[in-house]
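Everything on this sheet refers to the single structure shown next.
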Amino acid sequence: MNPQVRAGRREWTGLAVLALPTLLLALDVSVLYLALPTLSTDLGASSTEQLWIVDIYGFMVAGFLVTMGSLGDRIGRRRLLLIGAAAFGVASAVAAFAVSAEMLILARAALGIAGATLGPSTLALISTIFRDDRQRAMAVGVWMSCFMGGNALGPIVGGALLEAFWWGSVFLLGVPVMVLLLLVGPAVLPEYRDTTANGPLDLPSVGLSLLAILPFIHGLKEIARHGPDAVPLLSVLAGLGFGVAFVRRQRRLDTPLLDLRLFANRSFSIVLALFVCGGVFLSGSTLLMTQFLQLVEGLTPLEAALWMLPAVAAMTASSLTGPMLTRWFRPGYVLGGGMVVAAAGFLVVTQVGHIGGLTLLVTGWTIACAGNGLPAALGAGIVVGSVPARQAGSASSVWESGTEFSLAMGVAALGSLSTVVYRDALPGDAPAEITDGLGAALAAADRFPHLVEPARQAYTEGLSLGALLCAVACTALGMAAAVLLRETTTKGEDNAEPAGQHHAGHR
């Protein structure tokens, strides 16, 4: 191993700087749910406006990830990161002091666009800073642990802030973090840009990417909320149609927004596909677990978050462990083994309601998250390490877009499945208020008290079936990873630097 490529104190300090916005982005998503009831009352937000306050951020992040990944490769990843940090800080302040629902929705949209610059830039810069395979894998593990930790700490931090301050305080979290990034980032982060990507961004490609991603994600969210009606299905199909048009345009361009040759890299494509599929089941099961804790066990959001901490801690620890295991095992075996461990955890969850309740659920979910954590950072490291450095920004944006897609698809798929099972398990004469969902059933408990317990049991049956499906899927994905990636290294198949790449170094 060449000691000259190993990272030193400056590089690890740079990682700490990059970890801050990652932690913040995860916090920003989860704290809003606690603040929503209070801010909706203060701003007079309608139910539709509340949905847009929650959803617009994710829509903008998903819609602009590919564009920002390509833009960072062109103008410089550090430059884009700092521009995004400044925009995120300003938008956070605007959101905190919003005086109307419309103003908050616009601020959240701006936060989403700024957030889309931060994710790809941080992961791509990690691949630039850490050239040693094992150090890069460990750095990605730290980066991913910050994201997981932020999701877990969000409800706790949000609850503490809302106890002491007004709802706008949850948005002000972003301001000092972004100021620190702007002050320290230029000193410890290297600049990198791809000098082979000449010319401006292709604006029609930007438009097509938005038209492909936004209707697709919106349709999946509506399917998860209301079932597979005609309008959301048409929205999904429209997104797919624009996606085809986007791909065809990229093939014709000399300098495309997204270089489709990325997908010719076997390691990149296989790991990405496996993780999108795995993310579907992880995100969908997370929805079922959190709903169970609050609706069946009757926990508050803060109490539910505290019960989920063991699972988050296990996932965080295992994400750091995965890269270490590659010293003794091939990455494909680590990826596959993690998925098999996750399958075992989901099998434990299938027994909730039969031989145990809350403790059994948390135990099984902790095992499942530990298994999912093992391949998480390792997979992200392979994705950015298996492509030339000049394409790391685009690779990072594709990886994070896949995460957004898997989140939406998982919630839609497992949410819809659990709803079908829930309705089928209810008594045949159950009124519409009960069949709409467990939340509606609990709201109507004063009128139908005799149906509350059957509704809880019906939801538990849906949870068990969803967990069984996750166990089967994780087993299949684990076997596929072990077979298809048995020859893959942490660096991927081809990480040679092509002619024309430019590394600006520290400046």
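A Cβ is built for glycine as well, from the same backbone N, Cα and C atoms used for every other residue.
Quick caveat, the model's predicted, so the values are computed rather than measured.
Sequence annotations record features per position, and here TrEMBL assigns transmembrane segment to 12-36, 80-99, 105-126, 138-158, 164-189, 201-218, 230-247, 268-292, 304-325, 332-352, 358-384, 463-485 (among others). What TrEMBL records for 14-490 is domain 'Major facilitator superfamily (MFS) profile'.
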> Can you name the far-off residues of the same chain, 6+ from the ends of the transmembrane segment (80-99), with a Cβ under 8 Å from a Cβ of it?
Replying inline: 21, 43, 68, 71-72, 107-108, 110-111, 113-118, 121-122, 125, 168-175, 178-179, 181-182, 185-186, 189
> Does the transmembrane segment (164-189) make contact with the transmembrane segment (332-352) through 3 or more Cβ pairs under 8 Å, each pair 6 or more apart in sequence?
Replying inline: no
>> Need one number: mean pLDDT over the domain 'Major facilitator superfamily (MFS) profile' (14-490).
In response: 80
> Are there 3 or more C-beta pairs under 8 Å linking the transmembrane segment (138-158) with the transmembrane segment (12-36), counting only pairs at least 6 apart in sequence?
Replying inline: yes
>> Between the transmembrane segment (105-126) and the transmembrane segment (332-352), are there three or more CB pairs that fall under 8 A, provided the residues in each pair are separated by 6 or more in sequence?
In response: no
> Hey, would you say the transmembrane segment (201-218) packs against the transmembrane segment (138-158), going by three or more CB pairs under 8 A that are 6+ residues apart?
Replying inline: no
>> Using a Cβ cut-off under 8 Å, which residues of the same chain at least 6 positions beyond either end of the transmembrane segment (230-247) come close to it?
In response: 205, 208-209, 211-223, 258, 260
> When each of 105-126, 138-158, 463-485 is checked against the transmembrane segment (304-325) for Cβ pairs under 8 Å, which one has the most?
Replying inline: 138-158
>> Same chain only, please: residues at least 6 beyond the ends of the transmembrane segment (105-126) with a C-beta under 8 Å from a C-beta of the stretch. Say none if there are none.
In response: 14-15, 18, 21-22, 25, 28, 49, 52-53, 56-61, 63-65, 67-69, 71-73, 77-78, 80-81, 83-85, 87-88, 90-92, 94-95, 98, 136, 139-140, 143, 171, 174, 189-190, 192, 380, 384, 392-397, 399-400
